[in-house]
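K.L.:
According to TrEMBL, the protein carries these features:
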DOMAIN    9-217  domain 'YjeF N-terminal'
BINDING   61-65, 132-138, 161, 262, 327, 379, 444  (6S)-NADPHX binding site
BINDING   62, 128, 164  K(+) binding site
DOMAIN    227-503  domain 'YjeF C-terminal'
BINDING   414, 415, 416, 417, 418, 443  AMP binding site
Ligand SMILES: NC(=O)C1=CN([C@@H]2O[C@H](COP(=O)(O)OP(=O)(O)OC[C@H]3O[C@@H](n4cnc5c(N)ncnc54)[C@H](O)[C@@H]3O)[C@@H](O)[C@H]2O)[C@@H](O)CC1
Ligand SMILES: Nc1ncnc2c1ncn2[C@@H]1O[C@H](COP(=O)(O)OP(=O)(O)O)[C@@H](O)[C@H]1O
Ligand SMILES: [K+]
């Protein structure tokens, strides 16, 4: 799914109105109905009674949506208080039409100064329709006072299209609505996916309003959203005559004294992702724990007991994918081993954890030897070690894209909405996952999954994109069954089967 800019969204609206024989006012009605349907599904009741609804409207089309939503909720027997915040003289034509329609049957509060703003009880549901994608400067005056009043109220805040004050695709400042929910029209906006905006976005959903698909298909963008349909296209079901040789042989280099569990997690992830064969190379002291936990894996033992100091021969292309990093440690001999491996390796590798840290600390020597199209999987701290500190989410995204373009590698920057950047400078944001996954070992599982997929001849991009999607989906299934609080990395492994099965089932029904 594409992520478009505010400017493109405006053009998309206009194109739809022109090409699809729908008037602007009817498109607004569609958007308002889509929002209201979402609202009705949620219900927003308390003790079997509908909670009072307060709608704050601006003077443009976002305000017009608010007025239409107020009318639709009145029709559904909600007790609605509507307030138009008069921060300027001019109003949009569609705002005017919806204003007239609502005014006929419902009193509208006009606020030109703070004392006009209605008091909001804490049990209310507030609909924020002050500004949408048309915002082009910080909010001031009476509109800013309305935002502050909404934020102070303790009520549940729902943003129409985007929280007022939040710019869809660039850095925001000034007062911003702290929404609990955001209902975005048609496509997600870049701002919804960035960590620093979490407090303004809440949980969000994109609802379809039937905007023109041809325009969307043709629109240039470098930002994408990896949803189910996207992952489904990448996923390859197994053919009847396949055998374990069809799914490659993965090599995972991992583990050090005290961190052998990371190797176990990664290997487990790789096997569950369907690697035909998987050899793990690890320090001798890890042998028993690994073979006891996972008899399915083959083991190549290092010359050293506590850390990795060498690696098995990769000359004969025996391994169709190599992953390195989980629990590796940073011993000087491990650094020497990694240096040699990077010199020798011809194929893209999956590089995680301490392998990233070692490369970060020895960039001059190591970075140029990383095989083209390798996949780095840093968490934010590891990414910072690699590229330095960045001040904002947008600056970090620019750095991420530039790093991938310069070094011709993929970087999967982990977190909520993990961002997979490509050598072309595109970014694919993940749709799956939950905060329960912020726990020890989940990253090791991901490294295993991606290595396992890569070994089966998925391209590096496919392996990374499908891997992050399935990893998050398994985490979502685990959280649904067990809750987020006590979720552990091994729960993700346990739910990987169900995650892959949903893709298998969908593929079989196509
Ligand atoms: N046909 C359409 O274009 C559709 C638009 N829709 C809604 O329309 C919204 C966009 O509407 P608009 O383009 O009218 O813009 P907004 O309603 O977001 O803002 C209204 C106007 O306020 C002015 N403004 C911007 N920042 C301001 C500030 N800080 N202080 C004071 N004035 C400011 C701008 O001139 C802007 O056009 C979307 O977010 C969506 O909610 C939906 O109804 C779907 C259809
Ligand atoms: N709030 C969150 N929402 C969704 N996914 C998350 C969240 N926090 C962490 N994750 C996921 O959990 C994993 C954590 O990886 P990492 O930090 O490397 O953990 P570890 O090093 O302990 O294995 C990543 O895949 C990341 O995307
Ligand atoms: K809004």
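Backbone N, Cα and C atoms are what each Cβ position is placed from, and that goes for glycine too.
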K.L.:
How far apart, in Å, are the two Cα atoms that lie farthest from each other among 414, 415, 416, 417, 418, 443, the residues recorded as binding AMP?
P.N.:
14
K.L.:
Measuring C-alpha to C-alpha, could you say which of the binding-site residues 62, 133, 379 are within 10 Å of residue 443 (AMP binding site)?
P.N.:
379
K.L.:
Determine, from DSSP, whether residue 64 ((6S)-NADPHX binding site) sits in helix, strand or coil.
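P.N.:
Going by the DSSP assignment, residue 64 ((6S)-NADPHX binding site) falls within a helical segment, counted as helix.
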K.L.:
Determine which residues of the same chain, besides 62, 128, 164, have their CB within 8 A of the center of the CB atoms at the recorded K(+) site, and list them by sequence.
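P.N.:
Everything else in range on the chain: 56, 58, 63, 66, 129, 130, 131, 132, 159, 160, 161, 162, 163, 177.
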K.L.:
What subset of the binding-site residues 62, 164, 414, 415, 416, 417 lies within 10 angstroms of residue 133 ((6S)-NADPHX binding site) at the C-alpha level?
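P.N.:
So the list reads 62, 164.
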K.L.:
Restricting to the domain 'YjeF N-terminal' (9-217), report the mean pLDDT as a whole number.
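P.N.:
Across the residues of the domain 'YjeF N-terminal' (9-217) the model's pLDDT averages 97 on the 0 to 100 scale.
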K.L.:
Nearest to residue 128 (K(+) binding site) in three-dimensional space, by Cα, is which of the binding-site residues 64, 379, 415, 417?
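P.N.:
Among 64, 379, 415, 417, 64.
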K.L.:
I want the residues beyond 414, 415, 416, 417, 418, 443 whose C-beta is within 8 angstroms of the mean position of the AMP site's C-beta atoms, in chain order.
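P.N.:
So the extra residues in range turn out to be 379, 413, 419, 430, 433, 468.
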K.L.:
Check each residue in the chain of residue 61 ((6S)-NADPHX binding site) that is at least six apart in sequence and keep those whose C-beta is under 8 Å from its C-beta; list them in sequence order.
P.N.:
28, 92, 94, 95, 132, 134
K.L.:
Measuring Cα to Cα, how many angstrom lie between residue 418 (AMP binding site) and residue 379 ((6S)-NADPHX binding site)?
P.N.:
9
K.L.:
Once near-sequence residues are set aside, which residues in the chain of residue 416 (AMP binding site), 6 or more away, have Cβ atoms under 8 Å from its Cβ?
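P.N.:
Non-local contacts for residue 416 (AMP binding site): 195, 198, 433, 435.
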K.L.:
Which binding-site residues out of 61, 136, 414, 416, 417 lie by ligand 2, going by a Cβ under 6 Å?
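P.N.:
Among the binding-site residues listed, those whose Cβ sits under 6 Å from ligand 2 are 414, 416.
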K.L.:
Given the binding-site residues 62, 136, 164, which one is most crowded in terms of C-beta atoms within 10 angstroms?
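P.N.:
Of the binding-site residues 62, 136, 164, the most buried by Cβ count within 10 Å is 164.
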K.L.:
Checking the binding-site residues 136, 161, 164, which are within 10 Å of residue 414 (AMP binding site) at the Cα level?
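P.N.:
Close binding-site residues: none.
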K.L.:
For the binding-site residues 61, 62, 136, 379, 418, 443, which residues place their CB under 6 A from an atom of ligand 3?
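P.N.:
Only 62 qualify.
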K.L.:
Ranked by the number of other Cβ atoms within 10 Å of their own Cβ, which of the binding-site residues 128, 161 ranks first?
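P.N.:
Of the binding-site residues 128, 161, the most buried by Cβ count within 10 Å is 128.
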